[in-house]
Amino acid sequence: MGLLSKKDSKLILDPLADNNPITIQVLGICSALAITAELKASIVMAISVLFVLGIGNVVISLMRNIIPSKIRIIVQLVVVAALVIIVDQVLKAFAYELSKTLSVFVGLIITNCIIMGRFEAFALANGPWRSFLDGIGNAAGYGLILVIVGFFRELLGSGTLLGFPVLGNPIPGELSGLYALGYENNGFMLLSPMALIVVGIIIWVQRSRNKTLIED
Amino acid sequence: MGLKSSLHNLKEKYKGTKMAPAFNAIHTFLYLPNETTHGGTHIKVADDLKRTMNIVIMAMVPCLIFGMFNAGYQHFLVLGEIGRAEGFLDVTFWNWNNLVIGLQKVLPLVVVSYGVGLAIEFLFAVIKKHEVEEGYLVTGMLVPLIVPIDTPLWMLAVAVAFGVVIGKEVFGGTGMNILNPALTIRAFLFFAYPTWMSGDKVWVHGAVARDKAIAAGENLDAISGETVLGALAQGKEVAYSAWDMFYGIIPGSVGETSALLILLGGLFLIFTKIGSWRIMLSSVLGALAMGLIFNAVVSSGWITESSKFYALMNTEFWHHLLIGGFAFGTVFMATDPVTASQTNKGKWIYGFLIGFISILIRVFNPAYPEGVMLAILLMNVFAPTIDHYVVQGNVKRRMKRLKVKTA
């Protein structure tokens with residue numbers, strides 16, 4: 001690694017797999033279940049969290065020596081709320097339809113446990129550059145799971161990817177692709193319980209590949 | 001060389017290899033092995049898991065055969081080729097043509113259910129290096145009986161794979177599952193492909209295909225056959241008498257229509273001490289109680305005919321036992337020894353709530369015309385909690401008795 005030292009690159013790579021915020025720390029589950037019915041929404045949500053967590057970690061890290069520890073939670077909330085409002089306004093201005101799909105869940109990034117968790121656990125004790133990498137890494141780990149879940153839910157639930165019909169045309173009378181063979185979309189995939197099961201399967205696969213992750 | 005010894009040789013040949021569990025399973029499924037244990041005293045019981053399962057399957061066979069005849073009967077009835085059967089023994093029902101249709105439609109369901117389910121069981125046994133567990137034998141027979149006749153086979157295969165893996169194997173296989181696998185499979189089908197699991201087309205063979213032909217421009221009359229519950233949920237008149245419902249000559253999932261044969265199967269299970277009579281009885285009592293409450297609400301005039309729940313609430317309380325899948329679920333699925341309550345007092349509570357909640361869902365949720373599936377799954381989840389409190393209550397009572405004695 002030319003750009004990053006080994007220790008720094010670990011900050012980014014660890015949360016992608018062996019210390020993933022969703023599958024290992026089991027944080028941020030609510031939004032992973034709520035907005036992953038479409039791949040597009042998953043990607044936008046992932047980018048939003050990447051923005052909020054990356055910048056937020058840097059801001060908190062810069063202020064870490066002047067924040068009185070008694071009111072640090074309030075300060076953290078103010079920072080994350082300001083960033084979330086920016087994301088929300090940008091989405092409303094440039095992607096109105098999408099912001100309607102994401103609805104309240106953009107606002108709820110404020111309460112996403114991953115963000116407060118990284119502020120508390122990392123940014124308050126580390127410099128801005130390392131905090132930035134940590135924020136990016138954790139948000140990417142979160143986003144990765146979101147995109148995987150969103151991919152399977154949209155593909156199997158609606159037969160599309162990013163809105164493109166990849167499995168053929170399901171409209172009766174003009175069937176094509178897989179639908180002409182009698183295939184049908186799985187409506188269960190669009191319901192939240194199935195998102196939980198998909199996340200569960202990811203956790204299952206990950207832990208059976210790496211036995212050290214299994215807790216007693 | 002007989003089949004038994006060749007199976008034995010095959011098993012010996014593969015002993016210690018990866019595939020050993022698969023061959024062991026085939027061998028012990030058909031015969032009692034010759035091996036004897038060495039050292040120590042052992043008690044031999046004839047009713048091991050496989051034989052227990054076989055008895056449950058035997059209890060279901062009449063329902064399966066009846067379901068085949070009924071599939072053909074309903075098909076020809078809506079086509080107008082035969083008249084309505086009068087009584088249980090009518091020849092228009094017990095008819096060769098009916099059976100042929102039934103065999104063509106039901107046997108593939110059975111084959112797919114067993115094929116996919118057992119393949120997954122064998123696969124997991126090989127991966128886990130366990131012996132193959134027999135839990136799928138009953139599930140595999142239950143599944144074809146609780147799905148609509150025209151369910152596409154690939155859907156059934158997907159659902160069985162899901163139900164066996166997510167409903168059972170992830171929890172550690174037979175005996176460790178929280179939810180009844182057969183109902184998990186049905187619930188998956190229900191939520192994933194609702195158009196194939198409800199409505200007035202799927203209960204009669206040929207209705208869906210006929211609709212497609214009409215959509216493609218053929219000049220045919222649409223055919224349909226609604227279940228009793230479907231008609232009631234929409235406030236329509238029910239065209240079947242209570243005897244029809246009791247005999248089971250009504251549209252419905254393959255094997256769940258005949259309350260008479262389910263009753264016989266249930267008595268067989270109680271007689272052989274395989275099924276718990278406490279669960280069956282308390283579940284029936286729960287359903288009757290809820291039915292009586294609804295009847296009382298109607299007769300006291302709290303609800304008028306304008307209400308969309310009127311038809312279902314006004315149904316005579318004991319009719320609820322005959323229609324829908326209630327009888328089948330109570331006898332064959334609520335009594336699943338793995339997912340039901342284990343304590344005797346717990347069984348009463350568990351069964352009663354299944355009956356009670358089934359009828360509640362049935363009446364108040366038109367989106368789910370049959371509540372017994374959801375009620376049993378819900379109570380499956382609560383069964384360990386019920387047991388916990390029953391056991392704790394027992395401990396507390398005995399502690400008190402002890403204190404009185406010692407004081």
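For all residues, glycine too, the Cβ spot is worked out from N, Cα and C.
Among the features that TrEMBL reports, FMN phosphoryl threonine is placed at B:THR227.
For the transmembrane segment (B:55-73), the residues of the chain that approach it from at least six positions outside its boundaries are 47, 82, 85, 92-95, 97-103, 105-106, 110, 137-138, 141-142, 144-145, 149, 205, 248-249, 254-258, 261-262, 264-266, 268-269, 272, 274-275, 328, 332, judged by C-beta separation under 8 angstroms. Look at TrEMBL and you will find B:55-73 (among others) tagged as transmembrane segment.
When Cβ-Cβ distances below 8 Å are used as the criterion, the transmembrane segment (B:106-125) is approached by residues 21-22, 25, 64, 67-68, 71, 131-133, 135-136, 139-141, 143-144, 147, 149, 151, 153, 156-157, 160-161, 164-165, 169, 173, 254 of the same chain, each at least six residues removed from its ends. Positions annotated as transmembrane segment by TrEMBL: B:106-125 (among others).
Annotated transmembrane segment per TrEMBL: B:145-166 (among others), in sequence order.
Taken from TrEMBL, the feature transmembrane segment applies to B:178-196 (among others). Residues of the same chain lying 6 or more positions beyond the ends of the transmembrane segment (B:178-196) and with a Cβ under 8 Å from any Cβ of it are 135-136, 138-139, 142-143, 146-148, 150-152, 155-156, 158-160, 162-164, 166-168, 171, 202, 208, 329, 333, 336, 338-339, 373-374, 376-377, 380-381, 384.
Sequence annotations record features per position, and here TrEMBL assigns transmembrane segment to B:245-272 (among others). Cβ atoms under 8 Å from those of the transmembrane segment (B:245-272) belong to residues 55-56, 58-60, 62-64, 66-68, 70-71, 73-74, 84-85, 87-88, 93, 106, 109, 144-149, 203-204, 225-228, 280, 319, 321-325, 327-332, 335 of the same chain, restricted to positions at least 6 beyond its ends.
The transmembrane segment annotation in TrEMBL covers B:279-297 (among others). Through the fold, the transmembrane segment (B:279-297) approaches residues 266, 270, 303, 312-321, 326, 330-331, 334-335, 340-341, 347-360, 363 of its own chain, all at least 6 residues removed from its boundaries and within a Cβ separation under 8 Å.
Annotated transmembrane segment per TrEMBL: B:317-335 (among others), in sequence order.
Here TrEMBL flags B:347-365 (among others) as transmembrane segment. Counting residues 6+ beyond its ends, the transmembrane segment (B:347-365) has Cβ neighbours under 8 Å at 229, 276, 278-291, 294, 309, 312-313, 320, 324, 326, 329-330, 334, 340-341, 371-372, 374-376, 378-379, 382-383, 386, 390 in the same chain.
Taken from TrEMBL, the feature transmembrane segment applies to B:371-391 (among others). Residues 146, 178-180, 183-184, 186-187, 190, 324-326, 328-330, 333-334, 339-343, 345-346, 349-350, 353-355, 357-362, 365 of the same chain sit 6 or more residues outside the transmembrane segment (B:371-391) yet have a Cβ under 8 Å from a Cβ within it.
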